[in-house]
Amino acid sequence: MTVTTLGHPLAPVFAAAPLSPPTHRDIWWLIIVKTLGVFAFLVLATLFMIWAERRVVARMQQRIGPNRVGPFGLLQSLADGLKLALKEDIVPTLADKAVFILAPVISATPAFLAFAVIPFGPTVSIAGHHTNLQLTDLPVAVLFVLAMSSLGVYGIVLAGWSSGSPYPLLGGVRSAAQVVSYEIAMGLSFVGVFLYSGSLSTSDIVAAQAHRWGILWAGVSFAVYAIAMVGETNRAPFDLPEGETEIVGGFHTEYTSLKFALFYLAEYINMVTVSALMTTLFLGGWRAPWPLSLWSQANVGWWPVLWFLIKLGIVLFVFIWLRGTLPRFRYDQFMQFGWKVLIPVNLTWILVEAAIRVVNVSNWRVWVIPFAIFLALVAVGTYVADLVRQRSEVGDGGPILGPALVPNPDSPYPIPPLPGQRPLVGVLEARTDDFPVGSAAEPRNGGDGDA
């Protein structure tokens with residue numbers, strides 16, 4: 001497929017590789033079977049991921065993990081689900097009952113819908129009918145996944161607002177800010193893939209990776225997406241909406257029984273979905289890795305499903321690995337990283353990749369390459385200048401506490417300094433005249449008190 005614009009010379013920039021075969025029109029019972037198959041896969045993947053996460057993190061912490069229910073503890077997640085179903089369903093007195101009950105459903109439903117456009121494999125024969133191993137495909141399938149992941153945050157925000165408690169509200173507000181920040185970086189990381197494949201369809205993107213995976217020609221986009229998908233799913237080290245040490249349990253503090261289980265289910269399904277999307281966009285999708293791709297039957301029949309699941313499992317393991325090894329980010333660090341690092345780097349990479357695509361199909365090498373290099377240098381220089389400015393502020397001691405913020409040495413509740421501020425030891429004497437006589441902020445004992 002080639003996108004043409006009235007014979008414009010830039011039209012071949014978006015020329016794609018040979019696309020996948022046309023989607024077969026499925027009969028009604030085949031659609032039902034595929035729908036139930038996707039639903040069952042997501043539920044089983046969630047149960048397995050919970051078990052795997054508990055076992056792997058336990059090994060990292062020199063523990064054993066669940067090993068009582070079923071062989072190797074494989075049925076422990078199912079037992080926990082039954083336990084949650086039998087627990088008392090409590091609705092707080094101050095909660096908005098209708099919204100409180102609806103919020104988990106709003107969070108879980110888009111998580112299931114987003115997986116509908118992920119291709120598991122090529123065209124296969126089921127009971128004599130040829131069908132793609134994909135529930136459905138859309139011309140804008142990747143944007144559909146992005147939209148569904150955005151809708152899920154509405155359930156989290158409504159859960160925090162309707163609980164009638166300050167901690168869930170803080171968790172909901174954090175989640176909204178987090179999604180707004182990292183959804184932009186995630187969406188921009190898709191642009192590099194679109195430039196190369198020439199399509200927004202997941203099947204066409206997999207077909208465009210027949211000879212070279214997306215990670216090779218969009219490595220920067222892959223790195224940005226890998227970081228953004230962790231922030232998008234509220235997973236460690238970006239699990240700020242449910243930070244136990246700060247806001248108890250975050251947005252689901254007041255939830256119990258099946259409503260809590262729905263939030264848990266939505267979180268893990270979102271993990272599976274963003275991991276499957278990474279596999280589809282950057283890791284060749286269901287196509288066999290080298291050297292297995294040299295086998296003529298590697299990308300035919302049901303074998304591609306195995307390659308897809310192996311890649312998916314590797315990406316999901318990274319989620320577990322991050323949770324067991326990295327501490328939680330501070331909120332200001334997290335937001336600053338998204339807006340000042342990921343988005344500028346992604347925008348610069350899009351310009352560079354677009355310039356490279358233009359160079360490949362035209363004779364504009366004279367000015368396109370220097371222009372791309374100039375943009376890259378400007379982006380790097382801006383980032384370095386920002387780092388130097390921050391370090392110089394820290395080296396100088398940062399801003400001095402004003403009179404209204406000077407702690408009272410006699411108070412049993414001292415005010416902790418904010419990031420970048422320095423104690424006023426040795427400075428109070430020089431600033432004694434700035435304080436009103438007899439005020440609470442007036443320094444005691446000749447200015448020897450600690451700030």
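Each residue, glycine too, has its Cβ placed from N, Cα and C.
Same-chain residues lying 6 or more positions outside the transmembrane segment (30-50) and placing a CB less than 8 Å from one of its CB atoms are 77-78, 80-81, 111-112, 115-116, 126-127, 129, 131, 135, 265, 268-269, 271-272, 316. Under the heading transmembrane segment, Swiss-Prot lists 30-50 (among others).
Per Swiss-Prot, transmembrane segment is recorded for 98-118 (among others), and the stated evidence type is sequence analysis.
The transmembrane segment annotation in Swiss-Prot covers 138-158 (among others), and the record cites sequence analysis as its basis.
Among the features that Swiss-Prot reports, transmembrane segment is placed at 176-196 (among others). With a cut-off of 8 Å between Cβ atoms, the residues of this chain six or more beyond the transmembrane segment (176-196) that come close are 13-14, 142, 146, 149-150, 153, 156-157, 205, 208, 214, 217-218, 220-222, 224-225, 227-229, 231-232, 234, 238, 240-241, 281-282, 334-335, 338-339, 342-343, 346-347, 349-350, 353-354, 357.
Among the features that Swiss-Prot reports, transmembrane segment is placed at 213-233 (among others), with the record citing sequence analysis.
The transmembrane segment annotation in Swiss-Prot covers 262-282 (among others) and rests on sequence analysis.
According to Swiss-Prot, the transmembrane segment annotation covers 302-322 (among others), on the basis of sequence analysis.
Residues annotated as transmembrane segment in Swiss-Prot, with sequence analysis given as evidence: 336-356 (among others).
Swiss-Prot lists 368-388 (among others) with the feature transmembrane segment.
Within the chain carrying the transmembrane segment (262-282), a Cβ under 8 angstroms from the stretch's Cβ atoms is held by residues 42-43, 45-46, 49-50, 104-105, 107-108, 111-112, 114-115, 118-119, 142, 145, 149, 152, 155-156, 159, 190, 193, 202, 205-206, 213-215, 218, 221-222, 225-226, 229, 232-235, 251-252, 255, 308, 311-312, 315-316, 319, all 6 or more beyond its ends. Beyond its flanks by at least six residues, the transmembrane segment (98-118) meets 38-39, 42, 91-92, 134-138, 141-142, 144-145, 148-149, 151-152, 154-156, 158-159, 161-163, 202, 254-255, 259-260, 262-263, 265-266, 269-270, 272-273, 276-277, 280 of its own chain at Cβ-Cβ distances under 8 Å.
Sequence-remote contacts of a segment are chain residues at least 6 beyond its ends whose Cβ falls under 8 Å from one of its Cβ atoms, and for the transmembrane segment (302-322) they are 49, 52-53, 56-57, 120-122, 124, 133, 226, 230, 233, 235-237, 271-272, 275-276, 278-279, 283-289, 292.
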